[in-house]
């Protein structure tokens, strides 16, 4: 692991400074309160879905078990960044250690890539349920579901170790200030002693593959689903199918639109303020909205949640 050094002297820098949101002390405290409440709401919302699925036998179906895994992933996703962000609001130095920065980098992007794969698997599940309803029970077996879930987690956490290890071995010179609230590759690469175009290209390729391939798969799947839905003779059947798929499409749209804005164009083109806002939306906003989207539009989920509240 390389240390950070200044080109003018050999003094060792042991960490980075995450600037976060530049507000006076009173503003930092207000932000701490707001994001602490948001973090608790995210934990409660996603934990409620997990509890509802595992406590109600009627929800022990592939769709809801995938949703429970997705909610568990969302808890890990926000926990990789928000606690450190909360600590920074109350910190005078705002320092994050070198190892802490790259651990956050790894877990944040690993949970994010796992989300991409889960959204694709959930779309595939809806495709089988709507386009192949008679064969669905024999196709989406418990074994296949477990294989798909395991694949999402394994692929998600094996997607980024190589580039992250390579970036961590680079030498960082001069300023150790990252104008962000998390360790993101753009600001980190900007602190490198010299540009390494090969690493930047490699990072762009793996990010493009991660985002574009699952997104195209999801869009292709839903084109087939919509075609099947419009062929249903019953308007009640169409309504139920749209209700089932609408929640997932909403989540896909919120997540992919914001992430693609951030990572499918050169990071240098985005102002620091815009980077923070977009990252905040997909890293905190979508995990907050997802439980509401899935529960408010789903009668079975609402009944299960009400049952938990009554006990």
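Including glycine, each Cβ sits where the backbone N, Cα and C put it.
Heads up, TrEMBL stuff is auto-annotated, nobody curated it.
Residues or ranges marked as domain 'G-protein coupled receptors family 1 profile' in TrEMBL: 45-294. For 29-54, 66-86, 106-128, 148-167, 201-225, 246-265, 277-296, the entry in TrEMBL reads transmembrane segment.
Residues 65-66, 69, 102, 105-106, 109-111, 113-118, 121, 124, 185, 188-189, 199, 202-203, 206, 210 of the same chain lie 6 or more positions beyond the ends of the transmembrane segment (148-167) yet place their CB under 8 Å from a CB of it. Across the domain 'G-protein coupled receptors family 1 profile' (45-294), the model assigns an average pLDDT of 90.
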